């Protein structure tokens, strides 16, 4: 963990280093992934089954018929879920749905003074594939966060792929899929699943867009199939930035820093405060909390390698630092949290006040927890309904309005050396 | 040019071939581009000047001081523009701006029954770099189409890079930049310009997002810097699909097919009609129009290699074909154009009726002419104001509402094995 003070002579350099620290070891799996994709394109279901047997360590009994998870299996999984978790999932789904329903964009059409009618309409994508990781990173909450906005967007076909290594599956993931209206589920993962979603096999019809987190193979496969299908952002390790003043509770701040750090050894937790006393207290509270945290090994490594406490003179000084960090999650635990939030340009999601720990937003707040990482909040947004819709613009001229617009279009077409463009207008105006 | 009839026995196969025809020869410039980017990252302005001298064939007199186009040079360029083209550009800018102003999204904030306040706010990106190609593909209309939505989005810093091979520049491009509010212009291009925008040099401060068309080097560079900055879509060759019935004017339809074909030998123009007579007439009209078209060589190659006429029994049969083609531009010249448009899911932009040639949309219609190509209208939209903004979600719990949400968040955190998440909530509730 590094501690910086804005009054230090070398602060500018130290902060710049904090900004550029590389937290991801990018595995070079691109050639392997290229081969797998080509294999699925050429071999279809047979290749998909072969790769699954190999990578997911399932035996000869895994055949084409095993690819799809049956409705009975889904119902059995739901029955196997602990009632409390299932109830919490339902509660989360309701809140996430309500929040995202407010994001459905409106269509527009108007006729201007020249008689030109123009506008746009939004349409849900025809189909979306949701990648869900297997094993420990298989989070039912992420199924809800990815699938519910797609359903709200009106996507008629939602497909989920989830690897089940050695046949093991997380019943809560299937329960979340069912809750979110995903009823077409395949037990495949890795680059082979991405390839199947992008190019299709006999069993899995291709989709228009693939979303959801995955390991290095999945990320490389998504980059490769981009263009053939749409993809969401490539997520990096998670991060939180907390702004807290002297009134903040150091144990609560420490708990939030560690909730982020426990995700991944490459996660990053940063505190910016105007109080050196709070900085000291949080540092101690983190150590105390680590002592009893089940995932302490991961959290300790993240805090040690990437954690930071920055002491500033005042929060006006903090705002440009926040914008440069462009954090995925920004918690503001200061007295004037709303006013401070209004000054921030770059953040994926903001959590206001001391009673809004980021973990609430991970599950039941309502806003999406799929958010831009690695400073990409400078130019991108969290996942939402718009990611599952597309806009078609519409233009209609009458003979009269074409006469009004035509001469300018002809002049511009000619100025660009595109006489065919000019003629397609002129021929209608006898020019 | 191929002609298909939906009643033919092999129609399904023939249409599938039309869908999958590769129109782009992807040049493998990735290694070269990697070197250029590394060169600019390491060498800054000096490297930028070196690459520009070499690739743009400018001499030793091109120095760091030459990089920025001065306000005087911009004013001189404007003075050198033909008055008619300048007036047409102003007219286009006004219309494009009016259309895009309608796209500015609204912020949202509400408190639900549990007392949780949530919503989102949209913010313009802090800075955007606009790439403009040099030479013949240097289109002032594209400057307007890229820059105006960014200005409408409230982007405070707009930067343009445009190569000026052998010192030559298109004055209309500088005039369009000025009109669109872009006053920071650099005479650099290629991968070196993209690298400078992404990583910054002493002269060019880095931007948050890079948009605009370019050649294979520019496209490869944009793919490489993605993540460091945002990028727009990677545009492929342009395409038009025209739906026309027996009432359509074959000369007008032919003019529109050729307006697309003249762009590029890899452009694609397709007619779908329910009238074999119209199909015949358009075929003849294309040949006649080609005879006098200045860019006939390009248009003829495009029409020969990628052109298609599909005769269907009726337009209901055409709708799924349109959705599979997912055209960048869709013209509907049928009697029930609006009703037919309403049935289409996948198209970048729709031009309704026989008095709306696509070229109007290229220049003065108002909607953006930067549109999804290569079937990507299945999952993406044309350029718009949203591409220059980003959404930050906001969440605020009161002590009471945290008590209402907390137990579910704790249950889900524990079910996902993230005890630190659960504790960050529990500690605030004394649970």
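Glycine is no exception: its Cβ is also placed from the backbone N, Cα and C atoms.
Remember, TrEMBL labels are computer predictions, not curated facts.
Taken from TrEMBL, the feature NAD(+) binding site covers B:131, B:192, B:215. Among the features that TrEMBL reports, substrate binding site is placed at B:238, B:260, B:263, B:329, B:362, B:416, B:421. Residues or ranges marked as Zn(2+) binding site by TrEMBL: B:260, B:263, B:362, B:421. If you look up TrEMBL, you'll see B:328, B:329 marked as active site, proton acceptor.
With a 10 A radius on its CB, residue B:238 (substrate binding site) counts 23 other CB atoms from all the protein chains. Under 8 angstroms separates no C-beta among the recorded positions B:131, B:328, B:329 from a C-beta of chain A. Taking the centre of the Cβ atoms of B:131, B:192, B:215 as the NAD(+) site, the nearby residues of that chain (Cβ within 8 Å, site residues left out) are B:133, B:161, B:163, B:189, B:190, B:191, B:193, B:194, B:214, B:217, B:218, B:221. Counting in whole angstrom, residue B:260 (substrate binding site) lies 11 from residue B:328 (active site, proton acceptor) by their C-alpha atoms. Inclusion criterion for the binding-site residues B:131, B:192, B:215: a C-alpha placed within 10 angstroms of the C-alpha of residue B:238 (substrate binding site); this criterion is met by none of them. A C-beta separation below 8 Å, combined with a sequence spacing of at least six in one chain, links residue B:421 (substrate binding site) to B:409, B:413. In this structure, B:416 is the one among the recorded positions B:328, B:416 with the smallest number of other Cβ atoms inside 10 Å of its Cβ.
Comparing the binding-site residues B:192, B:215, B:260 on other C-beta atoms within 10 angstroms of each C-beta gives the minimum for B:215. Secondary structure at residue B:362 (substrate binding site), taken from DSSP and collapsed to helix, strand or coil, is helix.
For residue B:328 (active site, proton acceptor), the nearest neighbour among the listed binding-site residues (B:131, B:192, B:263, B:416), judged by C-alpha distance, is B:263. Separation of the C-alpha atoms of residue B:215 (NAD(+) binding site) and residue B:362 (substrate binding site): 20 Å, rounded to the nearest whole number.
Spatially close to residue B:131 (NAD(+) binding site) yet at least six residues away along the chain are B:161, B:162, B:189, B:193, B:194, B:197, B:210, B:211, B:212, B:213, B:214, B:218, B:222, judged by Cβ distances under 8 angstroms.
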